[in-house]
Amino acid sequence: MAALDRVKVLVLGDSGVGKSSLVHLLCQNQVLGNPSWTVGCSVDVRIHDYKEGTPEEKTYYIELWDVGGSVGSASSVKSTRAVFYNSVNGIILVHDLTNKKSSQNLCRWSLEALNRDVAPTGVLVTNGDYDREQFADNQIPLLVIGTKLDQIPETKRNEVLTRTAFLAEDFNAEEINLDCTNPRYLAAGSSNAVKLSRFFDKVIEKRYLSRDGNQIPGFSDRKRFGGGTLKSLHYD
Amino acid sequence: MVPGPQRCPPKGLSHLCEESETGGGPQISLHTPQILPCHRARAALRLTSQQNPPSCLEVLFFGFGWLFFMRKLFKDYEVRQYVVQVVFSVTFAFSCTMFELIIFEILGVLNSSSRYFHWKLNLCVILLVLVFMVPFYIGYFIVSNIRLLHRQRLLFACVVWLTFMYFFWKLGDPFPILSPKHGILSIEQLISRVGVIGVTLMALLSGFGAVNCPYTYMSYFLRNVTDADILALERRLLQTIDMIISKKKRMAMAHRTMFQRGEVHNKPTGFWGMIKSVTTSASGSENLSLIQQEVDALEELSRQLFLETADLHATKERIEYSKTFQGKYFNFLGYFFSIYCVWKIFMATINIVFDRVGKTDPVTRGIEITVNYLGIQFDVKFWSQHISFILVGIIIVTSIRGLLITLTKFFYAISSSKSSNVIVLLLAQIMGMYFVSSVLLIRMSMPPEYRTIITEVLGELQFNFYHRWFDVIFLVSALSSILFLYLAHKQAPEKHMAL
């Protein structure tokens, strides 16, 4: 089996928003039957064709690292989670459309992953003040996904969707709203599938293609804590 | 609205009298006494103007409970059902009012008949809340979570409540808690059962807390964790995840090639399908299921490694904290608390073995000792009041604070977005029962002249039984916590060194 290049994408979000269901849907094309609490990190792999249908088509592995927990966890849990944030190529931020607090916490999640943790104060910032400057030099592509769309009644849908559109704009990211228990939201050819595909392409480009179109060779250095003395056991 | 002297006809006066006797409320207190000539009105006015402290303190407690709920318990969740928040704050408010009434008893605020009235009222309300309202809502929210029973929620909630009442009633049988002359629907029946549950909870928490407190405070028990240990464990965790990834890649690639070749991998149906599947090579799917089993085992391993790493990080932080000034202070306190814990266990054993229940409270005993043995003479009545106020106040404040902290920790540990409502209501129930039983037990810490009101209000409960029961459960809880912590402590370094 030819070894393909890989990219690493984090899937972050509050506890109970549906990250595990989402990852299962993306990788196995099936609905997750019995979701249970994620302890630590659960990983799944999706095979993606970069620039499908063109002569430059190439297949890549996309590793989706679904990191469990809540943004207000003890600092020991946060330090342990930090181990998963090394050499990340893309971040998917997941929030629950029926729970406003999960959307507000996305800012803290992204800061935690980008290693610039904001010390949590006692007062809850209710309108999710967002400082563009903190994200100004961010090179990592982001995607915002809202789950549990089916649980929002038709009358409130517009209001919720406008709110999430603002949120996605703040992150300078695309957004997708879906229901993880229904595969038709990501059916081939739908606008959601196109957005997803574009996001993965962007991640691959940032990782493997430098600005002038030259390809950065794969199997490259993998940032490790404590120096790079350990050989990468990653590729079989 | 303050009516001036010219607007006070006799009819208005009697109207005032009636209103004030039913506890009319704040607007009457705005009247100045000299415009009301009749004696009854004056007395009633004094009553109502002094009734203000309880009601505004109650509102204060309600507000505190509301804020605590919003800021601490539910800070990561969205409050969808405001009923839950209201019920929690109401339980908290009425529980705290009981403590406030004890303080009033000691300080002599209000007169004793109005205090008695308030006690009775508060007790009725809190029993109503603890036995009827909270269990019903718990049942309702549990039933709402189950999809099958969603349609007839109310009906099933009532069924759950009736089951709870049945077991609650049966609870009274094995315990000698009542004298037989009470009727079946009296307050004493309910209070006695609530008291048993609450006292058990108090003793369990108290026993565990007495042992756990020195264990966590003292740095003697801290395991030595170096950075190298943590790095080694993290390395293992990442290696495991890498192995999972490589296996999943193989599976994904195999699925893709099978899909591209047009093979469908759903189970072969029918008789001929089964025969065919035996002969033709299903090696692809067999291989996959083998890999899937390996992946499951590796995932379980990765979860365990994650938890151990988090544990090591926490220990390292505690070691760093113990080197600070605060840490050293807590270490010293830990030694003090361990002596206190040993003394409490000893006293509980003595109480059980010699079958004695303390007759005098600590305040009177302390005063006796100082007067008789140390020969210091002072105004016993004055000091006894103040010292018991301080002592009882400290007990109340520490027990409320300790309980709220424990409940918060518990809530963070076990709640999820689905079950948060149910768990918060369970915690409200526990809190209410805990506070009612604290009132039962605090009676022993007060001098006899202040005990009378509790004895009057709660009726003829067998108070001695409750103290004995507390001692038994405390002993059991403390000893089993010691055993449990010993085993956990022994096991941890072995696990750690095997890596």
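Cβ atoms here come from the backbone N, Cα and C positions, even for glycine.
Per TrEMBL, domain 'Golgi pH regulator conserved' is recorded for B:186-251.
Positions annotated as domain 'Abscisic acid G-protein coupled receptor-like' by TrEMBL: B:321-490.
Under the heading transmembrane segment, TrEMBL lists B:82-107 (among others).
Residues of the same chain lying 6 or more positions beyond the ends of the transmembrane segment (B:119-142) and with a Cβ under 8 Å from any Cβ of it are 81, 83-84, 87, 90-91, 94-95, 97-98, 101, 153-154, 156-161, 164-165, 168, 187, 190-191, 194, 421-422, 425-426, 428-429, 432-433, 436, 453, 457-458. Annotation comment: TrEMBL describes B:119-142 (among others) as transmembrane segment.
The annotation transmembrane segment is assigned in TrEMBL to B:154-171 (among others).
Sequence annotations record features per position, and here TrEMBL assigns transmembrane segment to B:191-213 (among others).
Within its own chain, the transmembrane segment (B:332-354) is flanked in space by residues 210-211, 213-214, 216-219, 467-468, 471-472, 474-475, 478-479, which lie at least six positions past its ends and keep a Cβ under 8 Å from the stretch. Residues annotated as transmembrane segment in TrEMBL: B:332-354 (among others).
TrEMBL lists B:387-412 (among others) with the feature transmembrane segment. If you look at the transmembrane segment (B:387-412), the same-chain residues 6 or more away from its ends with a CB under 8 A from one of its CBs are 68, 72-73, 96, 99, 102-103, 106-107, 205, 209, 361-363, 366-367, 420, 423-424, 427, 430-431, 434-435, 438, 442, 445-447, 450.
Summarising the annotation, TrEMBL assigns transmembrane segment to B:424-446 (among others). Taking Cβ pairs closer than 8 Å, the transmembrane segment (B:424-446) reaches residues 69, 73-74, 84, 87-88, 91-92, 94-96, 98-99, 102, 106, 126, 129-130, 134-135, 137-138, 141, 191, 194-195, 197-199, 201-202, 205, 358, 361-363, 388, 391-392, 395-396, 399-400, 403-404, 407, 410-411, 415, 454-455, 458, 461, 463, 466-467, 470 in its own chain, all 6 or more past its ends.
Summarising the annotation, TrEMBL assigns transmembrane segment to B:466-487 (among others).
Remote same-chain partners of the transmembrane segment (B:191-213), defined as residues 6 or more beyond its termini with a Cβ less than 8 Å from a stretch Cβ, comprise 123, 127, 130-131, 168-169, 171-172, 175, 177-178, 334, 337, 340-341, 344-345, 402-403, 406, 430, 433-438, 440-441, 458-459, 461, 466, 469-482, 485. According to DSSP, the domain 'Golgi pH regulator conserved' (B:186-251) comprises 59 helix, 0 strand, 7 coil. Across the domain 'Golgi pH regulator conserved' (B:186-251), the model assigns an average pLDDT of 84.
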